[in-house]
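Novice: Structure incoming, see below.
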Amino acid sequence: MAEVFSKANESFVDENYEEAIKLYTEAIEQDDQPDYFIKRAQAYIKLEQYSEAINDAQKAIDKEPRNSKAYLRKGIAYFYLEKYVKAKESFLEGQNLDPSDSSFKMWIRKCEAELDLEKVEETGSTTAGQPIVGIANGSVETGTSGDVSSSTPEPHSSSPTPPQPQPVSPPKIRHDWYQTEAQVVISIMIKNAKKDNVKVEYTDNTVTANVTLPSGNDYTLHLNLAHPIIAEKSITRVFATKIELKLKKADGLRWTSLEGEAGVKLKQMTKEAVEASSVTKKYPSSSHHSTDWDKLARDVEEEEKNEKPEGDAALNKLFQQIYRDGNDEVRKAMNKSFMESGGTVLSTNWNEVGEKKVGVKPPDGMEWKKYDK
């Protein structure tokens, strides 16, 4: 059992998530421990199988209601399904159980940012409460009664002037984008689009989206991408609130912009060079609302540095550091000893624990009893 779980973890580290899920499932069939469900949920998230991840996280919660990691996995899956209210509820539950885990702070802030953006889109107003007249290239024009009165010409005679019909401008549609290590995700903010009315063409360097809007008008978005993509692995998803284009990166580079000038070969930077750059990295957007996720992450990291763990939290941090910095044998020894001893032994010596089963060693003054289902 412990050996299967250890192999599953190795497959996960190697980013072979399908194999990891297979091995986690095998371990669960032998012993359905909460941690096994949590790890499989994490693998499901990597494969974007979010409903399965939620199911596994919930099973872990049912077995161990105070497991904060289960709430974290559940919240992340809900977040990527764009169910931000449920995601935030899960993160808050997990934070109450483990206030020292700074991951919850960052995910809660992400949920709040998305909920604020949804609120603006639904009300159709800026934060100042003024109606949005148009959005173009990230700028917003707002109308006020003072603007209207000042631009109205005075009549030259007492005879009324019949109102002149005004041309109707086509709706302004914005698009946002963000990126992960493997994908670039473009969101086109068109609501209630029908799947049959959305046609997207991917090439190695371009994306063209043609959409028939609910009003009957046609909308086209053509992008000359800054870096190449894998066209055959790029997908389109249509939601009630937007259209999402998921572009598979051809390499692991961090994009500093979505588009590049046509015919100009952009200089590619390695991931290390980008990370070493002093330029602040943001996710550019055509929206007038922007969130600097890198700054948010830095703020959370700074808060984490200032927090000094004590007691069990300090001990757990030490174990995490040993596991992270150890070689394969150290990790296998820690996994095997911990699982076979029921959490009472944690060894880093594979030569000692690799050849025999690790027995249960309860603390002094305590007695080990097997849980009776």
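Including glycine, each Cβ sits where the backbone N, Cα and C put it.
Sequence annotations record features per position, and here TrEMBL assigns repeat 'TPR' to 34-67, 68-101. Per TrEMBL, region 'Disordered' is recorded for 121-173. If you look up TrEMBL, you'll see 148-159 marked as compositional bias 'Low complexity'. The compositional bias 'Pro residues' annotation in TrEMBL covers 160-170. Sequence annotations record features per position, and here TrEMBL assigns domain 'CS' to 170-259. Residues annotated as domain 'SGS' in TrEMBL: 282-373.
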Novice: In the repeat 'TPR' (34-67), how many residues does DSSP assign to helix, to strand and to coil?
Specialist: 27 helix, 0 strand, 7 coil
Novice: Which whole-number mean pLDDT does the model give the repeat 'TPR' (34-67)?
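Specialist: Its mean pLDDT is 92.
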Novice: Cβ under 8 Å, sequence separation of at least 6 from the ends of the repeat 'TPR' (68-101): give me the contacting residues as numbers and ranges.
Specialist: 34, 37-38, 41-42, 44-45, 48, 50-51, 53-54, 56-58, 60-61, 107-108, 110-112, 114-115, 118, 239, 241, 307, 309, 313
Novice: DSSP on the repeat 'TPR' (68-101): how many residues come out helix, how many strand, how many coil?
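Specialist: Split into helix, strand and coil, the repeat 'TPR' (68-101) gives 27 helix, 0 strand, 7 coil.
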